[in-house]
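*Asks:* Pasting the feature list from TrEMBL:
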- A:6-129: domain 'Na+/H+ antiporter MnhB subunit-related protein' (DOMAIN)
- A:12-31: transmembrane segment (TRANSMEM)
- A:37-56: transmembrane segment (TRANSMEM)
- A:68-91: transmembrane segment (TRANSMEM)
- A:111-133: transmembrane segment (TRANSMEM)
């Protein structure tokens, strides 16, 4: 399967489109269908497609275990940080309107909502990729 | 909305659910479960729950199937009982 030209060519074309669609789903989640979780899952699906087409080592080269840990911590830090910032400003957890009122920046509410969605997306992408890579790992290949 | 469409989707869903737990080969059960998930996605869309349908399509038909196939690759494919 490692030598299959059709799978490799289709994957090389499809993976960038899947990743761009995942970013669209994450950013567009506040307005329509989708959100951080769904976008992160779709982003992880692109890494699964890369695992199927090019093998686990090429995915590990682009996204090693160290970076998976960094991404999952970074995403949850963005999410919890913005939530606690709202708490410090005197509102409820993830109540963005308080920060917008205090700082006086228009549309800050929407930016913070998008930032929280991006944080969720990064964490879900890292954790899903980690689960699939560890399941597909035959042992000794992990770095 | 259209009761014939709902009836057909629910009928195929029940058939897929029964097939997924009765079929002997675990790989076949995984694929039937993915088909169940796809029908569930269409049903959520018919019920105007687009967000839930998106999650069902991404997680149910995508990630779970790959996860089960990876788990089957690490263990045995057919059940012994």
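Cβ atoms here come from the backbone N, Cα and C positions, even for glycine.
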*Asks:* Does the transmembrane segment (A:37-56) reach the transmembrane segment (A:12-31), going by 3 or more CB pairs under 8 Å (6 or more apart in sequence)?
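*Replies:* Answer yes: the transmembrane segment (A:37-56) meets the transmembrane segment (A:12-31) with 3 or more Cβ pairs below 8 Å.
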*Asks:* Under 8 Å between C-beta atoms and at least six residues away from its ends: which parts of the chain pack against the transmembrane segment (A:12-31)?
*Replies:* 38-40, 42-43, 45-46, 49-50, 53, 110, 113-114, 117-118, 121, 125
*Asks:* When the domain 'Na+/H+ antiporter MnhB subunit-related protein' (A:6-129) is classified with DSSP, how many of its residues are helical, how many are strand and how many are coil?
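*Replies:* Each residue of the domain 'Na+/H+ antiporter MnhB subunit-related protein' (A:6-129) counted once, the result is 105 helix, 0 strand, 19 coil.
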